[in-house]
Amino acid sequence: MAGGGGYGGASGKVDYVFKVVLIGDSAVGKSQLLARFARDEFSMDSKATIGVEFQTRTLSIEQKSIKAQIWDTAGQERYRAVTSAYYRGAVGAMLVYDMTKRETFEHIPRWLEELRAHADKNIVIILIGNKSDLEDQRAVPTEDAKEFAEKEGLFFLETSALNATNVENSFNTLMTQIYNTVNKKNLASEGDSNNPGSLAGKKILIPGSGQEIPAKTSTCCTSS
């Protein structure tokens, strides 16, 4: 399980650094989710992100120190200018839509297609329906998102960056699944140490197929 970690760049020994990318339409709350997770902050006057931005936070998972390096699209999505370099090296992704704006959910398949075209094929992905605090303005039923997540093999949660609902849970879920996948790949490599082409002894940050929790059993945890 993931434990609490330090906000910002914690010092000390780090066992793994995992790059995670946030993708989705503008104004769905990606930067707010990042600020809430990395610094436990929320600004009502948040402006669109300009320029490349990433923040870090160190977590403890299974007695290992894991540094989450979370990248924001920096507003490039408005110009469809997100490049392959943004996805390079990512082992996890948060696919974010605004549950009060149906079109942001309808654009998710396009974002997923782009992600899968540029990222490692085994990247761990969680679908996030943000702004769950605006339930009276909901335009995307939970069941629609659940069905899509199950079909595509994604994890799924609804969050609110405003009141912090499920923000910690969503990042912890993603980081734990990445760690489990990497750990299984390392064990498999060590078991294959007699193979001259083995990668035993190296830390592998790209997820393998592993035995991940099936999406159908991992999409039940939405905000209350």
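Quick reminder: no glycine exception, Cβ is built from N, Cα and C everywhere.
Residues annotated as N-acetylalanine in Swiss-Prot: ALA2.
The number of other CB atoms found within 10 A of the CB of LYS30 (GTP binding site), across every protein chain shown, is 29. Annotation source Swiss-Prot lists GTP binding site at 24-31, 72-76, 130-133, 160-161.
Per Swiss-Prot, motif 'Effector region' is recorded for 46-54, and the stated evidence type is similarity to another entry.
According to Swiss-Prot, the feature S-geranylgeranyl cysteine maps to CYS220 (among others).
Positions annotated as S-geranylgeranyl cysteine by Swiss-Prot: CYS221 (among others).
When secondary structure is read from DSSP and collapsed to three states, SER132 (GTP binding site) falls in the helix class. Neighbour density at the Cβ, taken as the number of other Cβ atoms within 10 Å, is lowest among the binding-site residues ALA27, ALA161 for ALA27.
Per-residue confidence over the motif 'Effector region' (46-54) averages 59 (mean pLDDT, predicted model).
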